[in-house]
Every structure is written in C-alpha cells, then in structure tokens.
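Visitor: First the structure, which I've put down as structure tokens, then a few questions once you've had a look.
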Amino acid sequence: MKALFFIIIFVVLIVACWQFVKLLGLTKVDNQTATEKENNINGWLMLGLMGFIYGLMIYSMYGAKDVLLPRASASEEGYHIDNLFVMTMTLILVVQFIMQFLLFFFSFKYRGIDDRKAFFFADSHKLETIWTVIPTIVLSGLIIYGIWTWNNVMDSSDAKDPIFIELYGKQFQWDARYAGEDNQLGSANVRFIEGTNTMGVDMTDKNSADDIPLVVNEGKFVKELHVPKGRKVIFKIRSQDVLHSVFMPHFRAQMNAVPGMVTEIAFTPVITTAEMRLNEDTKAKFEAINELRKEKGEEAVEFDYLILCNKICGSSHYNMQLKIVVDEEADFNKWLATQNTFAQINNK
Amino acid sequence: MSDHHHKETFVTKYIFSQDHKMISKQYLITGIVMGCIGVFMSMLFRLQLAYPEQSFSIIEAFLGRAGEGGVMTPDMYLSLVTIHGTIMVFFVLTAALSGTFSNLLIPFQIGARDMASPFLNMLSYWLFFLSSVIMLLSLFIETGPANAGWTIYPPLSALPQAISGSGLGMTMWLVSMAIFIASSLMGALNYIVTVLNLRTIGMKMTRLPLTIWAFFVTAIIGVVSFPVLLSAALLLIMDRSFGTSFFLSDIYIAGEVLHYKGGSPVLFEHLFWFLGHPEVYIVILPAMGIVSEVLATNSRKPIFGYRAMIISIIAIAFLSTIVWGHHMFVTGMNPFLGSVFTFTTLLIAIPSAVKAFNWITTIWKGNLRMNPAMLYSIGFVSTFITGGLTGLILGDSAIDINVHDTYFVVAHFHLVMGVSAIFGMFAGVYHWFPKMYGKMMNKDLGYLHFWLTAISAYGVFFPMHFIGLAGLPRRYYNNTAFPIFDDLLHINKVMTIFAIIGGLAQIIFLANFFFSIYKGKRAPKNPWHANTLEWTTEVDHIHGNWAGEIPAVHRWPYDYSKIDENGDLWGGQDFTPQTVPIRDGEEEF
C-alpha cells in the first residue's frame, strides 16, 4: 500500500510541474528556437558547467588523495603498472582539460546573436590530418609501452626460484595450499572432495603429500596467507563452484578463478606488512579510518594486505576475503615450518 | 501509397499500427516507462550504498519481503543492479533509442513513404513489448528476478543452488532476451533494407544526414553481433535445463559434485562480449548521429568534416567487433590475446578523437542557438570526452588489471555510454518532438531539466572514479566488511544525493513531455530552420508522409550559412533545404 502512496506522490509531482508549465505558457512570447537572452544565459551557464567540472576534478583529486591505495606498489611488477598508469592518467588529464575548455569556451563565445552570420566551414583536410595523425602517434606509444608492460607482468617463465601457491575460491571464502618441499602442487579436482579433503586434492599424486593447506577456520581474518618478501610468488588459481576473482589491489594483481581450469598470476612482494604499516600514505589513510570508526564506536584497525573477491559470486560476494601477510623470507620459512603437510595431517 | 488511404480503426491506428511514426512513438513511450523503472531501481540501491544499515520506508514499500524493516537483502541488491543494467542497456538505450529515432527518421530523412516492411516493423515493436513485459513480470516472482549481474556469467547464472535469482528469474531473463533479440534483428534488417532501397531521387549515400548513417551502421553491427548473444543464451538454456556442459565443468556446490564436465565459462564470456562490446556502440552511434545533426542545425554551420564523420562511424563499427576481449583481460584468457585486444582497443580512440574534434570545430565560429536539444548535444560531447578518455586506462591490459571490475569501470561506462547516450536521446526528443507530435515542448522546463541533469550526472559519476581507484569492487552489497573502505562512505553519500536530484529532475521532463503532447503550442512546419527532408512534411501526420510526390534531393543536408561570391547568404536565409536545386554559380559541397 505504501508503494501506492509513493506512486501517488510521484504523479502529484508530475501534475504540479504540469500546472507550472501552464503558467509559463501563458506569459511566453512565441519563439520556437532560443531567444538572444536565452542564448546569453545558457552560454554563461556553459562556462559555469565548465567551472563545475574543473572544480569537481580538482576537488576530487585533492580530496581523494587520502582515500586511494598507498601510492607505493607492494609488488615489483606493480611499479611498471603504476608508471604506465601515471603516464596515461597525465595524458588523460591534459587532454580532458584542453578539450572541455575548447568545448565550453566555444559554446560560450559563439552563443547566438540575432544578426551574426555563422562561418561556413565544412572541411579542412589539413586539420583533419593533424588530428588523425597526432592521436595515432600518441596511441602507438601507449600501445607499445602497454603491451611491453603487460608481457612483463604476465610472463613469469624466467622467474628464479619461485614459490607456488594455490588459491582456491568457493562461496564465500578463499582457501590456499603451498606446494611444499618439492615446490610442485599435487593435482586436484572437485571430484576428490571428501571429508577433510575440502580442496579436492588427489592424495594419490606423489606431489600432494608435502603440500601444505592453509588450515580452514571459519570466520574472518582467522586465516592468514603468508608470502615471503623478495621471492616471486606464482599463484595457481582454482574455483570450486562459480566464477570468483582474486583481487589484490595493493599488489596490482587480479585474476579470475574459473571452475574447470587453473589460471595464474604472479608477483614479487617487495614491502612487508610491517613496512607498509609505516608507509606515510597508509598511516594517513588509517588514521582517518580509525577516526571515523571511533565516532561510530567501532574498534581501531590496522593495515593489512587483502584478497578481495571481485567477480560477482552470490549473496555474500561482498564479504569474501583473505588476509595476506608479507614476511621477511626468514620469518616466512619459520612460519611455514609450523604448518602441517597433508602427509602429517592424514597420519594424525 | 498515399492514394490507397484506407480507413484506420482505433486498433490499427494506435495499437497494431504499421505506420513508422506511430511505431516510433510506441517505442519512445515504452522506453520512457522502462527508463523510469531502471532509474528508480538505481535510486533504491544508491540509498543502500550510502546508508548501508539504515531503514527506509520507501525500500520496504517497494521491495516488500526483500526489504523487510526498510533494509534490502543482499540478493535483492544484486537483483536491482542486474535488472537496472539490463533495462538501461537493452530496453532503453538499444531498443528505445534506435527504435524511436530509426523508425521516425529513416523514412522521413531519406524520403520514403514508410519502412521497407511495415509489418515486420510492427512485429518488431510488439516482440519488444512482450520481452519488456516478461522482464518486468520477473520482478514479481517468489525467488526474485535474475541477480547474476547483467552479464549473467555462468556458472552463477546457471545454477539455482548458487544464488536464488538463477532459478525462475534467470529463465525469464533468458526468454525475455531471446524475444528481445528477435525484435532487435527484425528492426535492424528493416532499417538496412530501407536505407539501401528506398532513398528518394537524388539522395545519394553521400547526401544522407549523419543520423541515417549512424542508424544504418548501427543496424549492421546489430545484425552481426546480436545473433551471437542469442546463441549464448540458447546454449545457457541447454546447460540449465537439459544437462549439457557448454559452459560448465568440475563444479562442487551445496555438498555435491555436479555432472558437468569439459565446458568453460570463458567460452560464454567470449560469446557474450562478442555482442556486449559492439552493443555499447549500438548504444552510442545513434546518439552520435543525433548529436551531429542537432549541433550542425543549431550552430547554423555545416557539420565539420562530413566525410570524415562517415568514415569514423564505419571505422568505429568495424573496430567494435574485434575488441571484445578487453572485457576479459583477467579471465584467464591467453595473455597473448590480451596484447592483441589492447592493440585493437586503443585504436578505437583514433576515430573517436576525430569525431570529438569535429564536433568542437562544428560549434567554432557558429551562431549557437541554445535550445534544450543543443544543450544536451553539448552535454553529450562533454560526457563523451570525460568518459571516453578513461577508456585508455581500461583498454590497456596492464593497467586494467588493477581497476578491472572496480567502480572505476562503472564510472567510465556510465559516463561514456550511459549518460552520453541518454543525453543524445534527450537531444533527439527535444529536437524532433515537433515532428512526432506536432507540438512544441516547453523551453524553460527543458533548460531546468538539462541543468539539473547535467550537474547531477557529473556529481554522481565523477567522484565514482576515485572510489574505484581506491580499490572498491563493484556489485558489493555494502562495504562494511572491509575497514579499508570505511573512508569512502562520505563519497558514496555525495553521489547518492546527486543521484536522487538527477532522478527527481526527470519528473520535470515527464511533465513537460506529456503536457506538451496535449497542451503544447502547435509546431510550425520547420521550427528549427533545418535542411533535412522530414521538415518538408506536414505538421499533422498523414499516411505516406508526403501528400503529393516525394521531393527530390539536390544537395547534402548541411548547407547552413552558405554564402555566395559577394559574401551574402545564399537566398537571403541561413539554411538551404536539401530540396532546393543547386543554383547558378553555386558549388555543391
């Protein structure tokens, strides 16, 4: 019934506008297209809109600087991505400023005056050539640099002594498995899922025995995925049910988890969690966050690297996360030694 | 044809009409209704995003059990974004935009009495109507409408165990879309045949207004790509209902292993985006055509670089069919393909830049008449530039990695295809309303409508880029599970306030539109002093468009402010309609 009430309000508003039109209609001089006065007002308003857009751009950039991700990429590969990003963004901002200026300034400057003649100017090969060739050159540069970066980031075939970790997505949590001593992940398929073997690892595969699963603990932030600083981590990604996406924004890394196939993404962490907590950007951001949380009576939080799910996967898609801890390599090895391999778990 | 003017009954005139003008109005009204529903949904989920745990009686009123206590459920949130996307992309910006203006303008502007097949045209509208009804009915079923996102990626969309909306809701979505595609194909084939065959004497392809070029090329991309979505939908129906494994493999859900083996969701993504990317050009090209026409008419200047504009439309259309992979950089597709799609995608920026420069040059040294249609066209160019530029980031595989599927993408495509195409559509409505209804719309309300809409469009979508850069993924019911996003809440609030202003501003348009149909001032024959053929027809619609002979065409449509050798305006007026023969000593452009 309430919906009906809202619809009635909506209709009443339309009728109110309708009555307003009637009033305007009575006082209106008959002129189909815009009058000089209207051209003038709207011309000035166009300048105003330009001001609004510029203001919004500057204000957003200024105001958003504290809410963005820390500028320092937590992975080596991320540096290249960030360079390309900054270059492209600079180009975009320059072009945006110029183009919007020309558009709105011309809209203002050439606002109609009754006895002015427009300039018949239908074509100019010279101009058109200029603005076909210049974007072509600029874009060629972007394309070459972009593809170079992409290949750099995606190709991990020449990695020295990488560590393999499997990430396994399911509604609505991330599981993980380290490749163990032989640095080879045992094969797996959902058809092996049984009892405690929740990731469907093939226990008869000789590579499986030394694999180390991240022990399943329900609830958030109980599980921690540790990775070593300075060593390439190659993630092998699987999904149990629907599409998920491993999104690690601080490392500039993202890859979908696709049921029926294994996907891959790799990076070399270069900043430990402890170091990132001391980063200026992070400190500023978390001070602001904790201020807000205090107002709401929530407890203070500390920075942590995260995996978020970034492909719609069901009702609780908005809360599918895993904490990542980047350790110095020695600490990482110490931590890994405390974890149980499948062989140890199964023999218990 | 005008001579067999048989008597029309109410049903053949207003309901099962075969007249292109009536069908065009039917498309527009249906589109407006669907658009209101789509926009209203967005206002509901914007409330949820800005005020995550607060109760709103409007949410409870409209969502019922899914909004108990005034807070919507996560499933309902996902349903709203899914149906909002579907309605806006397909029902409003594809069907209503092309359907309204292609139907209205193709026969009018090429000088034809009607479409090549009026019957097919009628069928096309009624299939569209049927698919709209099915889509809306799916809002009322027990398990809720489809909620796997408008891209309906399987397995989520294939398995009712995975999410509630993938039961009956998804079935209805697929049936509705299958009918929609049939409708869209009938329309598109009709447009192509009509443009190729029914042009009046003298109307060479190089004398067509840019609107017609845009509709024509749009229809071609539609015919090429929509069947692929139909095939994807049919295969998905097979997977869902008949146990095949086209898109599914190795799935364990709700405690059991499903029998599917050997399929791949990535195949679906390829099929979907093979339509999905051309689709955004199906949406934007007609708007570009409309804007080109309106800018030239109201600048009292020829469109700059007519031939370059045609070439860039064709180039965009061609490139649009070979760039779909840029939606799939992080799906596990071979990285080599990522390089290929980066290359083709960034190339699209070239014809797009040419178009933007040409529009700006068109208004340079013009004598701009700032009527509402003109304001919307200038607004279109502005949002197209702002939204289009960030495409350079999303189309570049390496930097796409970290913004893929975040709000940065949402901001990008809302500006470049959502807001821009809607602006193009509004420009079209304000410009051709006199031709559709024989009445003038109220200008003051038009101004108010534009300024509120333009400010709120930027207010919603500009800050949205930044929450995307902060790493916030799209399609999150709320962000409270991640403390790192706590500081984005106030930005969300600002965006929601602008969204509500923008949504309410549309009431002004609705009132103006419906008021003017009944009570608007009677329109003169050629209110904007435009050159194209539709303004040579009578104000009141007649069957067959022209009472006598169809006029012959002697020149291109953009002879505005043309001067003779003495520097005076040709014929003493600043426009020369296409029907005026080339005069002595005049050079044809």
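FYI, residue positions are counted from 1 along the chain as it appears here.
Quick reminder: no glycine exception, Cβ is built from N, Cα and C everywhere.
Pasting the relevant annotations from TrEMBL:
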- B:10-564: domain 'Cytochrome oxidase subunit I profile' (DOMAIN)
- B:27-47: transmembrane segment (TRANSMEM)
- B:81-106: transmembrane segment (TRANSMEM)
- B:118-141: transmembrane segment (TRANSMEM)
- B:173-198: transmembrane segment (TRANSMEM)
- B:210-238: transmembrane segment (TRANSMEM)
- B:271-292: transmembrane segment (TRANSMEM)
- B:304-324: transmembrane segment (TRANSMEM)
- B:336-361: transmembrane segment (TRANSMEM)
- B:373-395: transmembrane segment (TRANSMEM)
- B:407-433: transmembrane segment (TRANSMEM)
- B:445-467: transmembrane segment (TRANSMEM)
- B:494-515: transmembrane segment (TRANSMEM)
Visitor: Name the range, of those listed as B:27-47, B:118-141, B:173-198, B:336-361, B:407-433, that has the largest tally of Cβ pairs under 8 Å with the transmembrane segment (B:271-292).
Guide: B:407-433
Visitor: Tally Cβ pairs under 8 Å between the transmembrane segment (B:118-141) and each listed stretch (B:27-47, B:81-106, B:173-198, B:304-324, B:445-467), then give the stretch with the top tally.
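Guide: Stretch with maximum Cβ contacts: B:173-198.
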Visitor: With a Cβ cut-off under 8 Å, give me the same-chain residues at least six positions beyond the ends of the transmembrane segment (B:494-515) that come close to it.
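Guide: Those are 32, 36, 39-40, 42-43, 46-47, 49-51, 426, 429, 433, 441-442, 445-446, 448-449, 452-453, 455-457, 459-460, 463-464, in sequence order.
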Visitor: So which of B:81-106, B:304-324, B:336-361, B:373-395, B:407-433 is most in touch with the transmembrane segment (B:27-47), counting Cβ pairs under 8 Å?
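Guide: It is B:81-106, which has the most Cβ pairs under 8 Å.
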Visitor: Counting only CB pairs under 8 A, let me know which of B:173-198, B:336-361, B:407-433, B:445-467 has the most with the transmembrane segment (B:210-238).
Guide: B:173-198
Visitor: Other than its close neighbours in sequence, what residues sit by the transmembrane segment (B:445-467), given a CB gap under 8 Å and a spacing of at least six beyond its ends?
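Guide: For the transmembrane segment (B:445-467), the far contacts come to 371-372, 375-376, 379, 383, 386-387, 390, 407-408, 410-412, 414-415, 419, 423, 426, 430, 485, 488, 491-492, 494-495, 497-499, 501-502, 505-506, 508-509, 511-512.
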Visitor: Tell me, roughly as an integer, the mean pLDDT over the domain 'Cytochrome oxidase subunit I profile' (B:10-564).
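Guide: Its mean pLDDT is 93.
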